[in-house]
Each structure stands twice: as structure tokens, then as C-alpha cells.
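K.L.:
Copying in the features that Swiss-Prot gives for the protein in this structure:
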REGION    1-229  region 'Pyrophosphorylase'
BINDING   8-11, 22, 72, 77-78, 139, 154, 169, 227, 332, 350, 365, 376  UDP-N-acetyl-alpha-D-glucosamine binding site
BINDING   102, 227  Mg(2+) binding site
REGION    230-250  region 'Linker'
REGION    251-457  region 'N-acetyltransferase'
ACT_SITE  362  active site, proton acceptor
BINDING   385, 386, 404, 422, 439  acetyl-CoA binding site
């Protein structure tokens, strides 16, 4: 293909007031830069150069294997940034798309249309322009009396009359590679900011008699830039709505989209119902016929079919088919549940395997444990897995019955079909089918309470 792309991602984004490079702030679960890289790749462009500056090492890690990285050591403006990509495009004679790294809503189809229009127009440069309802903050496209583009004026340098123009420069261009980098070297910082503006290349081309075309975008939302946290929230809201609409179109019921938050990387099966105030994040996968929420958060979780998760938190865990979770359960990383497992209210499970049909109904902690199939873990059971230095395992065999308020002091094994008496502290292994009881014998003193009251009188 005769297309290459350069993504300008060197700015710090001072208005974000963050230590993190602006382009790495997450939108709907992914760094905003990843949206632009993916859109470029989806448009069929294989040669991609990302120009990084502030936080360049972090940016490079994000695009590793997807793009080459050019370094802009000193942030001297967009023209200077594009110039840093020159060595990576040495000998390239095709067309160069130039994009900003802070416009995550841009779509691959728009980039393909821009490139196609540029070819048809036979121009040296083509601008992607738009007419938003509020053009404030954007550079204005200046045309002559015949409608030809003659220059772009940044808003900070625009006159009052120029600020009334609604057509804006989106910061996305298509250039002929031939002559581009020579023209960039001719740009001077003759503006209020003392920076080398890429927009000045339009006047250079016009003075040289080279054609500059403009392709107007139908949906200005695509080029919404993110410069501060407020704009980040606006784009997040827009993208989340789009994600939820896609889910609903695929057969998922979202009871209240306004209070449901699903990352773009999440997959949900049909006939699943998502209740309000549910957060599905990261690489979470939800099966079919599930009920998720209300008030639940799942992060990088894998959930089977027919599962209920109510008012619970599930982090990096796997849940088998037909399980019931919650309310108010907490599944911590590396937890794996088999089929038909019940994890009830106020139960915390960490780094444990729970077998098919087992139940942990309420008020229990299970950590570093392997629990077999058909096990019942009574209310208030605790696996005492930490001795102050090390975490120790607990193993419970198939069909075991753990009485309420049992303390299992790890390392310890409970055999298949074994039973522990309520209130026991188990420190030794229990054989298959055995009963283990460890508690003080009950003492009964008749009439003790009345005598105690009489003494107080």
C-alpha cells in the first residue's frame, strides 16, 4: 500500500494535570492512543510511526509491535514533531496520513475516505475539516473568494473576524511524501506560542503553487480532542454509550445505560441482563443467560453461562456455569469456581479452586484452598492461611461438611466425606469420612444467672 501514517503523541498535556502522558490516559478501558493506532491499522495502513516526547518510554511500550517510535526530545510544536518522523519514512514515495494522538473517536472508514479523496483531488496536501456547533479551541480554515484553502489560523492567533469562521482544522492531514519534509524545514515560529505549527505548511504550499484540498467530515464528534479531564469524561461517556448500544444490538439487556459502565474490551453473551451500577472492565467475558448486578464490579473475569452476580466484586477470577455469587461477595485474583457453585453474602475467596456443586453460603474466608465437589462450608468458616511469613494451603475433599465457625489452620487437609464440628479449630489432617471436633466441653451451672443478679442488689 502507498500509505503511511504518523501519529503525533509527544505532548505532555499540561491541562490534564497528570504525571501520565496525555495519550496514555484510559478511555473506556484502553489508552486513547490505542484507538488511533487501531483505526489506522484497520484502514489497511501497515507503516505507522508514533512521535513520542513526554513519557516516551511508556508510549513506546504501549505501541510495541504495532508502530515505530520517533522521539521528539524537546516539544517545539506539531511541525517539529512531524519532522522527527522523517528518518522513518526515508525513501517512502507514497502518501502520509498525519493524526493527533488525542482523538480516540476517529474511525478507520473516515481515514480511508480521506486518503481516497486526496488521491482523486490530486493535491499535495488534503486537510480533514469539520463544522462543529462550537468551534472554540480549534484552528480555523481560511479560504479565498473562490473557496480554495489558503491558510489555517490557530485560535490563539486568530482575529475576531477569523474566530467567527465555523470550519475548523481537525489536525488530521494527508500529504504527498515527496517534498513534505523539505517543506517542514521551511516553517518558522512566527506565532504567539513560539512553536513550529504544522498548520503553517498550508501557506508554504499555496505560495509554491501546490494544491491544498479539504475533505469535510460529516460527523464532527469523530475528531473530538481531549485536552483536560472534562473532555476525557465527555469522550468516555460517548464511547461507553456506543459500547452499550453494540451490546444491546447483539442481544444483551442493559436496564439503564446511563448507570452501566462497560469497557470496549468486554464481551457479553446474548440474553444476559445487566443491572444498574455495574462495572465490567478489562478483558472480562460474560456468558449467555447471566444476571449481572446491580452494584457489581468485574475486572478481567471469565464468567460462564447462567451465572448470577449480585452486589459483588470479581477480580481476575473464573466462574463456571450456573453459579450464584453474592450479594456482597468478593472473589479475588486466581479464584476458579466449577459449575453450580454458590458463594453467598459476605464471603471472600482468594486464590482458591472450588469444585462443582460446592457451597460457601455466608460470612466465610477461603484463601489458598482447594475445595472438592459437593462440599458445604458452614457460616463463619475461616481458612487460617497466613502465619505471619508464609501463605499455606488448605485442601478439602469431595463431599466434606465443614461446620459453622470452623477455623482451618493451614497447612491442613480435610478428607473426602469428612465432617468438622461447629466451632472447631482444626490443626491436624482429618481422614476421609471422619468427624473432627475440637472445642471446650460445655459447662452448665444451674441458677447461676439469678444468683449473679442478686449479688448486684
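Numbers here mean position along the shown chain, with the first residue as 1.
Glycine is treated like the rest: Cβ placed from N, Cα and C.
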K.L.:
According to DSSP, how is the region 'Linker' (230-250) divided among helix, strand and coil residues?
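P.N.:
Looking at the region 'Linker' (230-250) with DSSP, the answer is 20 helix, 0 strand, 1 coil.
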K.L.:
Can you name the far-off residues of the same chain, 6+ from the ends of the region 'Linker' (230-250), with a Cβ under 8 Å from a Cβ of it?
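P.N.:
Distant contacts of the region 'Linker' (230-250): 16, 25, 27-28, 32, 104-105, 221, 224, 257, 260-264, 266, 268, 270, 274.
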K.L.:
Nearest by CA distance to residue 422 (acetyl-CoA binding site): which of the recorded positions is it, out of 22, 77, 139, 227, 362?
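P.N.:
Closest recorded candidate to residue 422 (acetyl-CoA binding site) by Cα: 362.
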K.L.:
Among the binding-site residues 365, 386, whose Cβ has the fewest other Cβ atoms within 10 Å?
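P.N.:
Each of the binding-site residues 365, 386 was scored; lowest Cβ tally within 10 Å is 386.
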K.L.:
Residues with Cβ closer than 8 Å to the Cβ of residue 10 (UDP-N-acetyl-alpha-D-glucosamine binding site), same chain and 6+ apart in sequence?
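P.N.:
Long-range Cβ contacts: 51, 52, 53, 54, 56, 72, 75, 81, 84.
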K.L.:
Would you kindly give the Cα-Cα distance separating residue 386 (acetyl-CoA binding site) and residue 77 (UDP-N-acetyl-alpha-D-glucosamine binding site), rounded to the nearest Å?
P.N.:
55
K.L.:
Looking only at 385, 386, 404, 422, 439, which the record lists for acetyl-CoA, tell me the maximum pairwise CA distance in angstrom.
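P.N.:
Among the residues the record ties to acetyl-CoA, max Cα distance equals 22 Å.
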K.L.:
Please report the DSSP secondary structure of residue 22 (UDP-N-acetyl-alpha-D-glucosamine binding site), reduced to three states.
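P.N.:
Helix, per DSSP.
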K.L.:
Please classify the secondary structure at residue 365 (UDP-N-acetyl-alpha-D-glucosamine binding site) using three-state DSSP.
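P.N.:
Reduced to three states, the DSSP call for residue 365 (UDP-N-acetyl-alpha-D-glucosamine binding site) is strand.
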K.L.:
According to DSSP, collapsed to three classes, what secondary structure does residue 8 (UDP-N-acetyl-alpha-D-glucosamine binding site) have?
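P.N.:
The three-state answer is strand.
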K.L.:
Comparing the recorded positions 22, 332, 362, 439, which residue's C-beta has the most other C-beta atoms within 10 angstroms in this structure?
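P.N.:
Checking each of 22, 332, 362, 439, the winner is 22.
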K.L.:
Counting other Cβ atoms within 10 Å of each residue's Cβ, which of the binding-site residues 169, 227, 385 comes out lowest?
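P.N.:
Minimum Cβ neighbour count within 10 Å, taken over the binding-site residues 169, 227, 385, occurs at 227.
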K.L.:
Tell me, which binding-site residues from 102, 227, 385, 386 are within 10 Å of residue 22 (UDP-N-acetyl-alpha-D-glucosamine binding site) if we use the C-alpha atoms?
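P.N.:
Passing the 10 Å Cα cut: 102, 227.
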K.L.:
Would you mind reading off the Cα separation of residue 102 (Mg(2+) binding site) from residue 8 (UDP-N-acetyl-alpha-D-glucosamine binding site), to the nearest angstrom?
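P.N.:
With distance taken Cα to Cα, residue 8 (UDP-N-acetyl-alpha-D-glucosamine binding site) is 9 Å from residue 102 (Mg(2+) binding site).
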